Amino acid sequence: MRRIKLACLLLLAFVQQVVLGTHDVYIVTMEGDPVISYQGGVEGFPATAVDLDEEMDTSEAVQLYSLHLRRHHDNLLDSLFVEGTYEKLYSYHHLVNGFAVHMSSLQAEFLRKAPGVKHVERDMKIQKLTTHTPQFLGLPTGVWPTGGGFDRAGEDVVIGFVDSGIYPQHPSFSSHKTDPYGPVPRYKGKCEMDPVTHRSFCNGKIVGAQHFAKAAIAAGAFNPDIEFASPLDGDGHGSHTAAIAAGNNGIPVRMHGHEFGKASGMAPRARIAVYKVLYRLFGGYVADVVAAIDQAVQDGVDILNLSVGPNSPPTATRTTFLNPFDAALLSAVKAGVFVAQAAGNGGPFPKTLVSFSPWITTVAAGVDDRRYKNHLTLGNGKLLSGLGVSPATHGNKSFSLISAADALLGSSATKYSALDCQRPELLNKRKVQGKILLCGYSFNYISGTASIKKVSQTAKSLGAAGFIVAVENNYPGTKFDPVPVSIPGILITDVSKTADLIDYYNSSTVRDWAGRATGFKAIAGIADGLAPTLYNSAPQVALFSSRGPDVKDFSFQDADVLKPDILAPGNLIWAAWAPNGTDESNYAGEGFAMVSGTSMAAPHIAGIAALIKQKNPKWSPSAIKSALMTTANTLDKGSHPLRAQQYTASEMMTLSRATPFDCGSGAVNPKAALDPGLVLDATHEDYITFLCSIPDVNHSEVSNIAGASCSSSSKGQRPYDLNIPSITISQLRGTETVKRTVTSVSEETETYSIMTRMPPEIALDVTPPALTVLPGASREITATLTVRSVTGTYSFGEITMKGHRGHLVRIPVVAMGFK
């Protein structure tokens with residue numbers, strides 16, 4: 001009888017596998033509170049919820065309740081499905097009560113109707129949003145001294161990096177022997193062992209290192225022959241972001257025998273906790289990211305840096321703010337964790353942000369004051385500008401030019417793209433030696449199969465005096481970055497200058513009756529491009545940085561939330577690199593890389609937030625965000641309004657005055673952020689009220705995903721009533737009144753005069769015109785916006801509060817008027 005029963009079960013399992021079809025990963029939210037908000041009520045399990053100003057509870061009560069939730073998840077799945085037809089990947093219990101499971105779409109549909117299940121959503125992929133900046137931001141003289149100097153800046157603050165891992169042997173992450181890092185008792189994260197060396201990834205500077213890949217493995221995306229099943233960074237991205245925020249101070253940046261300066265993180269004494277979710281071939285999956293965030297907050301991180309984001313706004317919910325990723329971050333903020341997230345690299349086009357929610361600090365990328373320029377001088381006297389972080393040609397002399405097309409070896413070379421100069425065996429060394437090799441720029445560079453580094457290696461192996469890579473065709477949207485190389489080299493990006501170069505080369509090259517080059521009369525010299533040039537017209541919003549307005553749903557309807565929030569350096573940032581990293585082919589095998597992206601901007605803010613947290617350990621995440629935003633600069637180093645890189649109609653880059661949709665409140669000012677005078681604070685309840693106030697959002701959806709119910713007080717509230725340091729009204733009709741509450745974080749009473757600035761099409765009035773705020777006290781201001789004329793475009797202004805003790809608080813105001 002037992003054999004018959006077993007055979008029936010096996011047959012049923014087989015039938016379910018066949019009938020149910022292919023499997024996907026699903027994220028499931030359950031009824032019942034997670035650890036962070038459980039206030040008791042389940043018999044035998046005491047409350048585990050804590051207030052913001054309390055230490056995170058790691059007691060036996062938390063462990064017991066966590067185990068209770070995991071068992072409940074397991075029992076539910078076991079009661080619904082035959083063993084072997086599904087695989088539970090994670091139990092989420094700290095920030096979210098739910099789990100990730102690999103199952104079929106039919107099973108998911110069945111699960112949606114099961115008792116106790118609040119929400120089921122299919123997993124989606126995420127992507128990466130990819131030395132000088134401490135000085136540019138004024139940290140060494142204006143900020144670090146207030147925290148005890150660089151050797152104490154960020155001390156004992158733990159920054160969690162949800163990224164591609166870390167290369168722990170890098171000097172940016174070493175544990176100082178002269179001033180070792182002590183323990184951080186409140187941080188409870190674990191350290192995985194390197195499966196190859198059998199050594200811990202942690203060293204005192206790195207206090208936690210874990211990897212999350214169960215969803216990626218279940219989806220069939222994880223290739224163990226290529227990816228590292230450990231916290232080891234096989235990409236480079238994670239090491240780079242960690243070093244920007246918290247890398248050790250004074251680390252020499254050496255490459256090709258040249259020192260480009262000394263690198264430092266924003267908070268060089270902060271600790272690093274690694275939560276690897278990104279991999280070489282495919283990026284990552286939200287289910288793994290949610291597990292990492294859940295674990296990071298449970299472990300006790302103070303700051304979370306997310307240089308990752310979804311590939312698009314979520315499709316399964318009615319608003320972008322309600323998805324498992326943002327819900328987990330909302331719970332992290334409730335737990336007192338500040339979250340910095342990259343805005344995205346879809347600029348300069350509008351509505352390209354991949355960071356949406358007001359509880360997250362969304363960071364745009366700026367171009368700082370350092371630019372690497374170079375030039376080429378032709379024998380006819382013409383000077384062609386370009387990019388090239390390289391030494392000058394020997395003795396600053398000129399050398400003969402030879403095109404790769406004129407140096408080909410044999411007819412077999414036509415099988416390959418020899419003009420890219422990626423394969424030295426295709427070129428005649430005898431012809432190239434002692435000359436400057438002229439190479440073409442093709443789509444292979446854009447796709448990543450060709451690199452400037454490889455051109456340099458080719459030219460060097462052939463004994464060339466240098467190389468030129470010339471762009472002959474426009475590639476819309478292509479970003480050309482200077483690349484450090486060991487021999488003289490330059491990239492000519494201007495198509496018209498390339499035409500001048502080719503005309504000069506062709507007119508100066510002697511050819512026989514068959515068109516073969518027999519004499520190379522064209523000469524050129526490459527200048528020294530190792531030293532950067534400093535500009536006052538900085539910062540600027542980088543061309544690639546994603547722009548607002550924020551969107552509230554997948555149909556890209558405008559949201560009443562300002563995004564991005566703030567601008568930080570994100571263009572050509574020197575920082576640590578993993579020698580085995582594959583993210584940037586130009587830096588393969590190197591210990592440092594100069595990389596661009598909002599991925600690089602976010603850790604600047606994470607590190608600066610750590611400095612603020614060190615000085616003000618009791619501040620909430622929203623208070624830290626407010627301090628950063630209200631003190632941001634709206635002028636560049638030359639005292640001109642910030643400008644943003646944009647495209648013209650002909651796809652040429654130009655500069656235009658930056659708006660809050662480009663840079664949020666402005667460029668980060670760390671010194672001012674440490675002493676903002678006033679902050680605009682928001683609680684978890686405020687964020688829930690915000691979600692409940694969004695038109696057309698089902699209140700049950702808020703409860704199902706965010707884990708909190710809409711109260712009666714949310715009736716009549718509007719999204720722009722949320723007490724954040726900006727005001728955004730996407731559809732202003734007639735007159736609207738908006739209130740903001742400011743709280744003094746100063747030690748002295750201060751009187752503020754209030755001024756407004758707004759274009760004439762919208763009237764902006766604020767009452768009272770002045771207010772006095774006692775230390776720790778709060779006061780309310782009321783802004784009234786009235787449509788005067790309809791333009792069909794957004795109007796940008798600000799409320800400025802100027803204190804008699806020197807504090808200056810700015811609140812950007814954005815509105816579009818309608819009849």
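From the backbone N, Cα and C atoms, a Cβ is placed for every residue, glycine too.
Note on D163 (active site, charge relay system): other Cβ atoms within 10 Å of its Cβ, all shown chains, come to 29. Residues annotated as active site, charge relay system in TrEMBL: D163 (among others).
Taken from TrEMBL, the feature active site, charge relay system covers H237 (among others).
Counted within 10 Å of its Cβ, the other Cβ atoms near S599 (active site, charge relay system) come to 32, all protein chains included. The active site, charge relay system annotation in TrEMBL covers S599 (among others).
Residues or ranges marked as domain 'Inhibitor I9' in TrEMBL: 25-126.
According to TrEMBL, the feature domain 'Peptidase S8/S53' maps to 154-642.
Across all of the domain 'PA' (413-493), the predicted model scores a mean pLDDT of 87. Residues or ranges marked as domain 'PA' by TrEMBL: 413-493.
The domain 'Subtilisin-like protease fibronectin type-III' annotation in TrEMBL covers 721-814.
Residues or ranges marked as signal peptide in TrEMBL: 1-21.
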Other CB atoms, at most 10 A from the CB of H237 (active site, charge relay system): 31
Euclidean distance between Cα atoms of S599 (active site, charge relay system) and D163 (active site, charge relay system), Å: 10
Tally of DSSP helical, extended and coil residues in the domain 'Subtilisin-like protease fibronectin type-III' (721-814): 1 helix, 62 strand, 31 coil
